[in-house]
Amino acid sequence: LTFSLLSVTLLVSFGSSMLYGYNLAVVNSPAVDIKAFYNTTWTQRYGHGLAPGPLTLLYSLTVSIFALGGLVGSLLVGVLVERYGRKGALSRSALLVLLGGGFMGFSRELGSPEMVIVGRSITGLHSGRCCLGCGAVLPHGLNLRGFLGLVPSIFICLGVFFAQVLGLPELLGKDRFWPLFLSVVVVPASLQLLLLHCFPESPRYLLIEKNDISGATKALCRFLGTPGVQDVIEEMKEEQRSLSSMEMVSVWQLLRDRSVRWQTLSVVVVNAGMQLSGIDAIWFYTNAIFENAGIPVSQIPYTTMGTGAIEVVAGLIGCFTIEKLGRRPLIVTGFCAMGICSAGITVSLLLQTALPWMRYVSVACVVGIIAGFCMGPAGVPFLMTAELFTQSHRPAAYIVGGSLNWLCNFTVGFIFPFLQMSAGAFCYLVFCGVCLLVALYIYLIVPETKNKTFMEISHIFA
C-alpha cells in the first residue's frame, strides 16, 4: 500500500463517499427548520399553511429524492467511465455538487422550496455517479481488494459524523444557518476537483479502454511505487485480450442465465436488504427517533453526535479486519446485530412509560444498528458483487445491485415517517425481520469469497 495509492483512495473517498454519508444525515438536524420554511413559503404564496399530512409528504420527498437522483446516476456510471475515464467522470461529478449546493444554499433567499428538492436530487445524482470503487485503480489480480473496498464505507461514516457535528446548536444547527448547512458539500467537492489532476488516470482504463501501454505503465509505477510493473502490464494485456473476445451480458441476459442464478439472487437479496434494514431511516430521522424515545430535546444533538463517533470506529474495525476475518462473518454479524437492535428499539419504546431508563436502551439500540451496519453491510455488498461474477457479467450485476440499492433507499426514506405514524413502535419489527432473514440467507447460501477465484466460488454455488 503505497503513499500514492493511499492518497488517491482517500481523495476519491473524501470527495465522493463522504459526501454520500453527509447527504444521508444532513437533513436530520434541520428538519423542523426546513418544514417551517416550507410552511411559511406556502402561506406567502397561497394565503394558508400546509396541513400536517401534506407537509410530511413534502419533507419526505425532500429526504428521499436524493435516492432517485442516485438511481439515475448509478445507471450512467458505465457510459461516463467508458467515455471519460474514472478521473474524468469524478471531475465532472464534482461540478454537479457545486450546482446542487448552490441551489440549496440560495433556496431560502429566493423563497423556493423547489430549489432544496432539486439540489438534493442533483447531489444524489453525484453520489450515484461516484460509485466507481477505489480498488478500480488497480488490476483485479492485486491484493488489498477487501481493504480498499471498505475504505469508502469509512468515509460514509465520517460524512454522517461530520453532518452530526456541524448540526450542533453551537455550529450550524440554528434556523438561520440551515441553507449553509445543506450546501457545505461544495467544500470537499471543490478540493477533489482541484487535487484530482495531481494523480494519473486508472491504469486499467488507460490500457484496456485506451490501449495506452505507456500511460498505463507510468500510472502503475506511480501507484505501486516501483519501476518493475511489467508482470502487472502483461496481466492487464491478458485481461484486455480476454475482454476483446468476450461478449458482455445485458441485465436481461443476466437475469435469465441459469449458471449464475444463485449469484444474481444473492446480489438482489444483499443489496435490497442493505437498504431495507432500516439504516437510512435511522440516519434520515435520528432526531425524531430519539425524541419519540423520550430523550430531552436539548440532549438530542449531542446523543446523535455520539452515535456518529461510534459508527466511525465500527467502520474502521470492519476495514482493518476484513482481510483476516473474511467477508461472510462481517456481513452476517452486522445484519444479526441490526435485527436484534431493531427489536430492542420496539421493546424499549413500549416499556419506556413504565420504565424511564428504557430510553437509554433505545439509544444503545440505535448505536448497535449503526455499528452493525458500518462493520459489514455498509461496504461488503459492493465488494461481493465484484467477486461473485466474471468480467462479462459484472457490469450487469452492478446495475442490478445498484438500482435495487437506490430504489430501496428511496422507499425507506419516503415511507418511514408514515410507517412510524401508523405502526408506532412496531414499525422497527419490519426492519428486524428483514435483517434476520438476510443474515440467514447469507449464512445458508453465500460462500466466503476472500482469496477465492470466480471458478472456486461458482463450484461452491453449484
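Even glycines carry a Cβ here, placed using N, Cα and C.
All annotation found in TrEMBL is predicted automatically rather than curated by experts.
Predicted, not measured: the structure shown is a model, and the values here were computed from it.
What TrEMBL records for 9-450 is domain 'Major facilitator superfamily (MFS) profile'.
Here TrEMBL flags 57-81 (among others) as transmembrane segment. Below 8 angstroms of C-beta separation, residues 23-24, 27, 31, 34-35, 38, 50, 88-89, 92-93, 113, 116-117, 120-132, 205, 280, 284, 395, 398-399, 402-403, 405-407, 409-418 of the same chain, each at least six residues beyond the ends of the transmembrane segment (57-81), sit close to that stretch.
If you look up TrEMBL, you'll see 93-111 (among others) marked as transmembrane segment.
Positions annotated as transmembrane segment by TrEMBL: 117-139 (among others).
Under the heading transmembrane segment, TrEMBL lists 146-165 (among others).
Per TrEMBL, the feature transmembrane segment maps to 177-196 (among others).
Here TrEMBL flags 265-285 (among others) as transmembrane segment.
Residues 25, 144, 146-147, 149-151, 153-154, 156-158, 160-161, 163-165, 167-168, 286, 330, 334, 363, 366-367, 370-376, 378-380, 450 of the same chain, all 6+ positions outside the transmembrane segment (305-323), place their C-beta atoms under 8 angstroms from a C-beta of that stretch. If you look up TrEMBL, you'll see 305-323 (among others) marked as transmembrane segment.
As annotated by TrEMBL, transmembrane segment applies to 330-351 (among others).
Residues or ranges marked as transmembrane segment by TrEMBL: 357-384 (among others).
When Cβ-Cβ distances below 8 Å are used as the criterion, the transmembrane segment (396-419) is approached by residues 56, 59-61, 63-68, 70-71, 74-75, 77-78, 128, 131, 248-251, 253-255, 263-264, 267-268, 270-272, 274-276, 278, 280-281, 284-285, 288, 381-382, 385-386, 388-389, 427, 430 of the same chain, each at least six residues removed from its ends. Annotation source TrEMBL lists transmembrane segment at 396-419 (among others).
Positions annotated as transmembrane segment by TrEMBL: 425-446 (among others).
Contacts between the transmembrane segment (425-446) and the transmembrane segment (265-285): present, as 3 or more C-beta pairs lie under 8 angstroms, all at sequence separation of six or more. Mean pLDDT of the predicted structure over the domain 'Major facilitator superfamily (MFS) profile' (9-450): 83.
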